[in-house]
Each structure stands twice: as C-alpha cells, then as structure tokens.
C-alpha cells in the first residue's frame, strides 16, 4: 500500500504537502532496525539484571518508540520495569535504581513520582522507570503505573497507517507551538495525539473535526467517562474513566490548533510544520527600541534569579505571579495591555501598561441615595475628609474623588505591596531575596538573555512562537 | 394662631430654625399691602385699557404673589389677560402687546409662547401675558393657557398656613440649588413646590416623605393621571391629567433634595437655606493652580462665544455638546473623570481627562475562534496589516493591537473630528465659527470670567453650588 492510498477524498495539494512532511519525519528502515536492535539489547540486559532480584518483574517498552509514532531523529526510548504490587515502595525504588544504574552505567537519577534512571545507550536517550504492575482500572499506586496500560491499549489500535498519521499530527502540533503536555507549553501530549487520530481516523479527519470544534468538546473512546471536567477539550482516558487526557491543554492551545487546522485545510503549507526551534529569532536592541517607540506604552519588568525548581513547577508559578501582579495593578487603577513571563537563569515578570502614571485622584461612586442606610454611611465616611473631593451628587448617587494610593506603577512594583498580590510560593521567596524593576526603555537590558522571548512578545503570531 | 401651632410633633430645634427662616422670608404686612395696592392699580389700568378693545377679556393674577407664596423682597407680579378662544392668534398678540405697552410704558417685549410685555411698575417687576380663556381639561391652545387654571386650583387649597410652608420649602430648595424649572437648573418649580406642600401637609412632612422617596415616586392629587412618565418624580398636574409637573426635575436635583431633607431632619441648620448667590465665591488663580496640582489630571476646555439664545435653549445644548464630546473622547479610548459646561459672554465645554495622551496602540479583541465565519473575517482583515500587531490568540479569541487614531486628546479637540460628536445645533455653529482649546494649566485663563463656576467645579458639594 502506498502512503497515499488511505487519504481518500483529500485534495492532492494537501496530500503533496503531507508527503513532503512524511519524507522528513517517517523513520526509515535503518532507523527502525537500529531502534529495534537497541531495544532488544536493553531488554536482555534488564531481564538478566532482574533475574538477580528476589522478585520477578517484566519489561515494557512504552512511549512513541513502542508504538512506532516517533519522528525520525528522535532518540528517546522509554522502558518501564513492572514489579508486583506486593513489593513495598522502598524496595521498588531500590530495585528500580539498581537495574537502571546497571543497564545505564553512565546515567543519572531523576525524579518523577519515583526516582528513575536516565542515560544514553548506543546513542539513544533512555529512561528506565520502575512501576507497579497494577490491573487496568484498579486503584493506581502512582500516576506512572498508568503508562503501561496506555501502551497496551494503543498497541492493538495503532497500525502503520495510524502511526503515520500520528507522526504528521505531532509534527503539525510542534510546528504551531501546541505540542507537549509540560506545564510550560500546556499543549497536546503524545498520548492525546494518538487518541485523536484513532478517534477520527487520520490526520485530515482530525483537522476537519478540530476546525469545527465547539468547546467543550467531549470524546470518550470507551464510553466509560465518570467525572465532569471543566475543560474546553475532554478526552476521557480509555484506561481511566475519571481522567481527562486533555486536562492540561490550555484554551489558547486548543484555539491555536483550531486556527491552524482551518488554515491548513484552506491552504496547505509546509511552514505550519516548522517547529519553533527552527523559526525562533533573537530580537536585537534596535528592534526592541523600535517597538517601544512604535507602541508608546509603559512596559515594566520584574527581574530576579530563577528559583531552582523544575519547569513544571516554575512556569505555573510564573503565570500565577504575573497574573497576581496584573490584578494588583488593575485594582490600583492602572490599565494593563499585555503580560508575559520569561525564564532562563533569571526570570522575568513582564507587564505592559497603558500609562506609567495615574492622576492623584480617582472617582469613587457611592450607593444610590435612595438606599438610605448605605448612602448615609458613605456620606458620613467622606463628609469631613479634607483629602477627598465631595461628596457631591451625580444622578441618583453620591460621588467622591479620592486620593489614589499609587500614582506611579513603577513605585508600586518597587514596594512591599507586591507581596500582597497572588504570587507563586517560590517566586515570592525569590522576590523577597531581591529583584530589579526595569521601567520603559530600561527593558532593553533584557535583550541579551531574552531576545527570543522578546521576539515572541513584540512580534506575536497566532502560533505564539 | 401663632406660627408654630401647626407643627405638632416636630422637634423644637427644627421649629426654631424654621421660625428664624420665616422671620426673614415671610412678607410683612407693609409688603403685603404694597403688593395689594400695586396689583389693584394694575388691574384697574388693564381693565380700562381692555374696555377700549372690541372683545372682552378678564384679568387674572397668577404666580406666587397671587397665592401669597412669594418670599419677602420678591418683586415679581405675574398678570394674565384672558381673551376669548374665538379671537385669532394675531389679534390676541396685538391686543396683548397693546395692553402691556399701555400699562407698562417703560416695558419691553419678550417671547414665551406668545410675545408679552415685561416692565417695572412702582418698583415691581411685572409680566403681562395674554392668553386664551380655555376650559380646564380642554385642549390647550398654548402652554401659557394652563397657568390661570393652576391659579384657580391652588387658590382654594392654599391658606396662610400652607403658604407659609410653601415659602419655607421654596427657600430650602433655593438654598440647596434645586429651585427653578428653567432648563439650566432643572429643579423644582414654584407650582411643584405648592403641590408638594398641599399633598403632604407642611414643610416637615414634605421633607420626611422626600427622605424616604424610592423613585419613581408618583403623586396624583386628583387621581386622574392618564399618561406613563419615565421620570424619577411624577406629580400629575391637577389641571392636566397627561402632564407631569416634575418632568423637568433632574435625577440629581431629586437626589439633592432627598439628601438635604435627611440632613435637615437629622440636624437642622440655617445654612441649608442660604441661596447660591449668598454663598458663591470666585476662585482665584492660585487656588485653581493648587487644585490642578493636587488632582494631577488633564483638564481641557473648549472656549467660544456664547450663541445669542436664551438660557433655556443654551444650557440643554451645552449639556448635550459636552456629553457628545465626552462620548467621542471615550470612543477614542480616553478616560474622562468629570465634565461641566459654563456660560457667560463666552461659553465653555469643560472636560477633565485622566490622561492627555494614550499609547499609540490599542488592544482589539476579536470574536471567539469557534465562531468560524466571524473569526475568519477578523483574521483575514488584520493578517496582512503591517500596522497591526497580531492577530495572535489569547484564550478562545483572536486579538490584535491596532494603531490608535488619536493619541493626544488636545489634538482631537482641536480637529474637525469634534463635529462628528453629538453637538447642540447652535453650539455647533458657534464652534464652526471659531473656538480655542485650553489644555491643562492653560485653563487658569478661565478664572477671570468663570471664577464662580470653577469654585463649583473644584470644590463640589452635595448642593452643587
């Protein structure tokens, strides 16, 4: 069967672009053979090692390499070693690290729900993760125990035709910046991508469906969903009726996918498949200056040392913090046009204001005068306040013009008051240590470390990258 | 009967203040006699003059002097000469002017619905107005024909006790800036004041009722109202079931009356009865400067020659114009904190802005991406626009940041664009002739002509004066 046969009814122009992409991303037979050979070696080594343990354990290859859905050049092999549930957690961790260190002597320990070993083997990046051999649908001992079930469910449903479509969809999602379930990206996971292709049948069918999605969209392959989810996209996990596989997907990424699905259906282009790392450009100082000049806004940046936490902790905290500070500024009467958060060695909470300064007074409208008790309280509160204009009457209400607490947003950001905003815990600690506020033109100082982030900020596109 | 006898149950402290006011505003017997003597002379002269006409006509004294509700020192006498309805309008006007000029040889012609003569006689200001003798309740030929009916209705219902209460209420309304049905004030007319006292019984009862008003308040003394009125206070005219006597009252003035009614009931003070002219102070340049400094806002003033129209035309047009310009500025993204309009030889549309300048860009949020057709139109409209940032995706919507049309409110006010705002017709003409825009500190130039208005603006009180 040629690659094109399954795409009945899809226009040849689209088909041509997809073929061009497949030429780049389909692993060739040499790559597949190398992968199989390496996996076979790993499996043998692990099995031998496990035989020395006083418990039995089996070896399960998981992830995209197990399902043939990896993109050419990906070198990631994920192996789970499943121990019986009788084994206590300490022993599981001990055996898990022992087999990992033995098979991947140059590897090192990392930590998800258990510690595991990650290392290179014959040029491949291998994760060797211990887990419990729980029954599908039974109580999980930890989230990683779910992974082998995903694998089992998918193995019988992903043939080469489906796998090819999954690869194209993954490449597309990467190209538009919507691939990855990490908490920085909040996009589509590999597993979700696979389930979507299985659900709709092929790449184009997924795009055609997505182009018409009216969130909330609910997909329940096994028709066994038990929980209500407050998410725009709900794909019930075939191996766990209470779980939404798409829970981490942000509304923006779902909209982004919808947008590019329509764009591609209308006019197929290879550029939609170009991933951010292929496209990103560092913004130079002159370009930043030009944007500042052109926008006429008042951007401000809180800059501080990135706390030493993983990205999945860091980015949610950065988002929470910048939103908290935005809300605090808005409460003080400042208008915010856009915000962002960047992180590298330093972290940046970036807030672009309409104006740096507000007038010294703010209008404060009281209750309707007919509501006698409240109205009287309001009047009495301000009647003798020399710092307040009024109370006077406008229509059916009392009005005063009060002194504003903060007339300079930069002064607010430099003050202790920001600690009353909703901040992520580790961000709050980092700010309490020390931080700098860059105001307006001073933000060009960010260019050397955050040139790429500034490009994304000042030259925003639908893909966000 | 002593003056206090009728005020059963009202506290002596309040009573004392009212007595003090009555000492100042109740006409004494000499004044009453002078008024009667003058009126008698006028009536004789008019009757004699009318006898020379080929039609009969009677003489009706109307207004506060007819009902004994005038305040001591008021010198206004209103006399209507009623002609039969058979007389055509031209003849009515001719006879009306003739009798007026003859009785008030030093008078001059003015114009309400008909021309009439106003002049002084023995130290009194006399209006001599011709009208038709229509039956009560029948079709009016003009609004002035209603006045004699008001008089007839009130004569039997206003005794000296009621008249005294009306005087106190009038003085109170004058003191709080809410007296007068002219279209500058939009307050309580004399007739409305009289009807309120008749309805509630005395001054204090009116205040107690007003303190509890929950607009819309409906009073229909003759229980014959036929029309629906969209006004906060509705007092159906006892002589015209379709008319709301309080139609001209603004919500602000009704709230103002409610506020001061409560204030007086809580703590009676003579100051509530002090009229604006007794209180007004011209603001000096230094004080204006201090307020500008203290407020930190961007006030702007359009200054032009007052059009040569009566106040009842001028003030509604000024209000409409300043509101129209406010709306236009807000549409362009400027935040307005307060507006006012002043008039003397020059007229002023005064607009106080939060900021003079806005950034060069403005956020413009598109439709939800799920609404495919609208979303696509939006995306297509901006996709290739080099002057626009985006479209990018935020949540479930497209967003762009567009170039703003106006970044300087002063430039907007100096441009032809203000003529697209909703302006009063004669104001538009006056502005088309020529106008000046004063910006921020330049508004101190208003101090010499509008010192009192600036006091009202920069030192606002519940009374607005």
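Each residue, glycine too, has its Cβ placed from N, Cα and C.
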Check TrEMBL: it lists B:76, B:78 as binding Mg(2+). Then name which of B:26, B:28, B:127 it lists for that same site. B:127
Candidates B:76, B:78, B:127 (binding-site residues) - the one closest to residue B:170 (ATP binding site) by CA: B:76
Across the listed CTP-binding residues, B:64, B:67, B:150, B:170, B:179, what is the farthest Cα to Cα distance, given in whole Å? 19
Binding-site residues in contact range of chain A, given that the Cβ distance is under 8 Å, out of B:64, B:67, B:179: none
Which number gives the other C-beta atoms within 10 angstroms of the C-beta of residue B:67 (ATP binding site), all protein chains shown included? 21
So, in DSSP terms, is residue B:67 (ATP binding site) helix, strand, or coil? helix
Indicate the candidate from B:150, B:170 with the smallest number of other Cβ atoms within 10 Å of its Cβ, considering only these binding-site residues. B:150
Are there binding-site residues among B:76, B:78, B:127 that sit within 10 Å of residue B:64 (ATP binding site), Cα to Cα? If so, list them; otherwise say none. B:76, B:78
Distance check, please: Cα of residue B:127 (Mg(2+) binding site) against Cα of residue B:67 (ATP binding site), rounded to an integer number of angstrom. 16
Counting every protein chain present, what is the number of Cβ atoms, excluding its own, within 10 Å of the Cβ of residue B:179 (ATP binding site)? 24
